[in-house]
Amino acid sequence: MNKAIASKILITLGFLFLYRVLAYIPIPGVDLAAIKAFFDSNSNNALGLFNMFSGNAVSRLSIISLGIMPYITSSIIMELLSATFPNLAKMKKERDGMQKYMQIVRYLTILITLIQAVSVSVGLRSISGGANGAIMIDMQVFMIVSAFSMLTGTMLLMWIGEQITQRGVGNGISLIIFAGIVSGIPSAISGTFNLVNTGVINILMLIGIVLIVLATIFAIIYVELAERRIPISYARKVVMQNQNKRIMNYIPIKLNLSGVIPPIFASALLVFPSTILQQATSNKTLQAVADFLSPQGYAYNILMFLLIIFFAYFYSSIVFNSKDIADNLRRNGGYIPGLRPGEGTSSFLNSVASKLTLWGSLYLALISTVPWILVKAMGVPFYFGGTAVLIVVQVAIDTMKKIEAQIYMSKYKTLSAVGF
């Protein structure tokens, strides 16, 4: 490993460390003891799940309590709008247009952050504490302070994510979510053993949980490394005994084309609304809706299943453009044996991608929901879904592949420099 790659890894770790430091900076004017007690008693619902994705920043009411979710939500909205309005889609493909597009995403993130910050501030009044619940200062002052603090925190996370993507290794936003989930693993393990010690769950249940986790990890690794290889040929004339030499190659198409995006998008759409509704303890109707959408309920997991399939198809159509691949092949003198270059190749690739996306979307949806079904059947008293495991393993694999690719690229440049 050369110095450039080592430097990128250190930069990535440095920014992730900064992210974890921010998770310990609380918003001024709140009763942290009341907040902690509230989250201890609500760890099994949407609040607990939202807290997990934020790296326990919510339970500390940190300035990054909203995490990167406002940015993800704004990205979802813009992607859906791009699919609806051709001019917006065209803007994304241009260099200057992409800058304008990202600027719109940032402005939308600011708006969503402010709306969510106000919602959180109002919800804090329902937490047992003083006259204003867990709020220890004037309510109007706190709403301004909390909105500014959370907006600053979310903007900092966006900046950290962009810096990691540009200067570090891997996708910055995915790594932030990865770091948040991983940071909660020690406390989750400790809490599980406490349940064993107190007799809430027995040894057989613990062994069952471990086996489910290991089986989930194995399934994720197996599918994430699976790909369909489409053979292609490049006809090139070479001066070798006056014969043409065909150089064979292939197009790798992953079984899971959409990657980690569908479960992240689905979680973003379900978790925060459920969290806000969970705080509406005074309204019986809203509380009933919150209970209905609890992560431990069937409705939440059915919606998660359906949303993941939708986003898998939607995002696969964005990341895999069969027409562009077919055009690039034709320009470079490549072709798929038995198929006509151009439209015939594009149709074939689109058909293959559609079939793979069907199985890939089902895989994502099942991995995100089946572990919960198994754990619930065992009678375990806490939520365990495969979404967190899926995100952690997928991001780890993707980051390792990018590091490996940069190492190979570095070796190639070294060989080119010495004349090989």
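All positions are counted from 1 along the displayed chain.
Even glycines carry a Cβ here, placed using N, Cα and C.
As recorded in Swiss-Prot:
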TRANSMEM  9-29  transmembrane segment
TRANSMEM  61-81  transmembrane segment
TRANSMEM  104-124  transmembrane segment
TRANSMEM  141-161  transmembrane segment
TRANSMEM  173-193  transmembrane segment
TRANSMEM  203-223  transmembrane segment
TRANSMEM  257-277  transmembrane segment
TRANSMEM  300-320  transmembrane segment
TRANSMEM  355-375  transmembrane segment
TRANSMEM  377-397  transmembrane segment
*With pairs 6 or more apart in sequence, are the transmembrane segment (9-29) and the transmembrane segment (141-161) linked by at least 3 Cβ pairs under 8 Å?*
yes
*Cβ-Cβ under 8 Å with the transmembrane segment (141-161): same-chain residues at least 6 beyond its ends*: 15, 18-19, 22, 27-30, 62-68, 70-71, 106, 109-110, 113-114, 116-118, 120-122, 132, 135, 171-173, 175-176
_Sequence-remote partners of the transmembrane segment (173-193) [C-beta within less than 8 Å, at least six residues beyond its ends]_ = 12, 16, 19-20, 23, 51-57, 67-68, 71-72, 157, 160-161, 164-165, 201, 206, 209, 260, 264, 382, 388, 391-392, 395-396, 398-399
*Cβ under 8 Å to the transmembrane segment (203-223), counting only same-chain residues 6 or more beyond its ends: which ones?*
192, 196, 255-256, 360, 363, 367, 371, 374-375, 378-380, 384, 386, 389-390, 393-394, 397
